[in-house]
Structures are given as C-alpha cells and as structure tokens.
C-alpha cells in the first residue's frame, strides 16, 4: 500500500523510515518574505483555542481553492507580547505535517512566517465527525447510515495505518479531529500531540504525561503506562466507531485534574465507565496489568463497590445490540447494518490488553470491510440529506489582529448547539 521504504532525515532529527508515497507537492513547507494577505483572501473566523486561531481563506494570485489558516499565538504579558518561541505542540505539528502526505491525512499547503507570527495553511474541510454526530442527534433525524459509518471507519484506519507505518502516533484521535471534505473524504487532523515512536530519545511518557482526550483514552494510559504503542490510537478508533453508531460517547467519564504539583491523578471515574461496559480487567485477560503503576488503585476501586457491582465479563455485546435496536439498524447482517462483523471489529478495537488489540493493518482486512461490498471513497455516497456548512463568522476576521479571543469552538452550526449537544462543547 505504501511502496518501498527508505531512510530519511526529518526535521525532528534522526533517521526514520518513510514511504515513497509520502512526497509533498512543490510549494509546500516553510515560506518567508511572504505576507498572508498577499496570498489569501480571509473569509472569516472559524475557531480558537489554546494554540491560537483558525480562519477560512480563499487563495489568490495563483493560489486556487479554499484554505484553513492556523495562526499560532505568541505568549502575552499584559499588553506587551513576549516573543518567547513556539510551543512544543506547534513545532511538532509543523515538523510532521511538512513530511506527511496521504489522502486521509490533512494536507499542509505551506507555513508562513510574518512579523514573528507563524501561520500554517491547510486545505479547508467543510465538516468534522463531531459536527456530523451533532447533526444526527437533533429531533426528527435518524442514525448515521451504516454504509457511511463503514466508509468513515475504513478511511480513518487507512490514514492511521499510514501514520503508524511511518512511526507516528497521533495520540489525540476524537470526532472533532477527524475532518471530512465536502466530497466525503476523511482527513485525520490536529497533529499537535503526535509523536514519532521510532527509537525515541526519551520514553513517550516523559514528554507528555497526559495524552488523548479523556473519553477516548486507552486503559493502559489510565493505568499509568510509561511505555505505550500505536494501540492507544486503535482504542480511540474503537470509541469513535461506537460513537458513530450510538451518537454519544461510549465511555463518558469525568476527568480528574492534575494537582498543583502536576501529578497525574488516577482517572477513577473514566475507568469506572469503561468497566461498566467492558467488565473488570483481570490478569487472566490482561497479564501486563499487574505491573501497571495504577494497579493498586484499580484493586481499590473494585473493592470499594458492592460485590457484583462490576461485571467480571464484558457487556459490550449487550450494549452493541441495544445500540443497533435503538438507532434503527437491522439486526441481520446486511449493507444496512454493521451486523455481527461490526461487533467483532468493535470488540477487537476495544480489547483491554494492548498487545492483543487489533492493528490498523489487521482492521482494514477485517470481514466488516471485506464482506459488505465495495467501500466508497466518498462517505456521503447514497446519503440524501445535507449537512450544514461549517460556521464562519465575520466578528473576528482580522488575521493580523493582536487581540486574542477566548477559547471557543465556532465550527458547529446553530442547530447543533441545542439540547444534549451543548454539553459536548465543554469537553
């Protein structure tokens, strides 16, 4: 799928194998002595976060198409901007996106340095999975079609296989970071937490003690594992698969925050949410669990509950069958339902033991994809509905402005802010 591999020296330092397919088009990468407004017309403001702001733009002067421009904010003290450098997350994202090139990974067009501000220019995507899930939670709307779920999952795993083959862990897969173009192509986005795992100088834990949004965090991370693998991304894919079917997070726990000493607490509530569906993990099904730093906390959690409160065996199949029934999927294996093959894939993605968890390569060869007929590269194919466009506002479209808005997400349409969906914006 990826062709012959060869070593290359990338911008993070060190030699890493890379596929011959991963070649950036001419013009991508770092650009200096260029002004953003000379190359792009700023349409409006999309969203902001701890990293800075994102704007929608249209190319001009030879730059064709729509783009999303990510502006990284400098550190501020009062009214004086302190140029102390970029965050580790921003540097990683720029370095990795400059090297990666795959149809299911977001495409970086260029990086512009202007007046000590960094701008990453990406292809524009009209939707993301969080937006699509919100759309289907509204009254009078139905579940996401089974064929659409299958196409989304296949494309997601295809992009993830590319990352893992090139020694990249994403480490923050969640619906909001899975982008969807207007033509139904899936793009894995937001590589700010991504890391190379080919002979790292330090353990992955030492650089970032907390990775992956809590609802999608693998059990080995919750158990304090210092050395983790691509399996953490596959657990997150399992959580996303379940959420596409049920329209709500399968393990919706509450995160315990770090204390003043920056000590990572045991995520007791999140682990309980997993146990309620997956059963209590034991050394018989996960031998390595006894050596995990938080194993004593897990034992304490189990003993604090009344006997029989936690199932010793998994209730995932019961959850799955209830999900199919409640969302109108057929109970029989057919093109209109995930069926038994869907459950088998889900159970292998949500395997407690990371050494037994299915890989991206194995998942792509699973009967769920093999037995259901051709898979479209357009996840919207056959879907008669219309998803609203990403909301773009004019309130803050001055890309050269020094002021920074508060953290918010403006990418969701108005109707997705109603009812149950409102809570999701606080994750």
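Think of each number as a place in line: the chain as shown, counted from 1.
The backbone N, Cα and C atoms fix where each Cβ goes, glycine too.
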Swiss-Prot has 46, 47, 48, 49, 50, 51, 52, 53, 54 down as binding ATP; which of 33, 64, 70 does it also list for that site? 70
Looking at the domain 'Protein kinase' (40-369) alone, can you tell me the average pLDDT? 89
For residue 46 (ATP binding site) and residue 172 (active site, proton acceptor), what Cα-Cα distance in Å is obtained after rounding to a whole number? 20
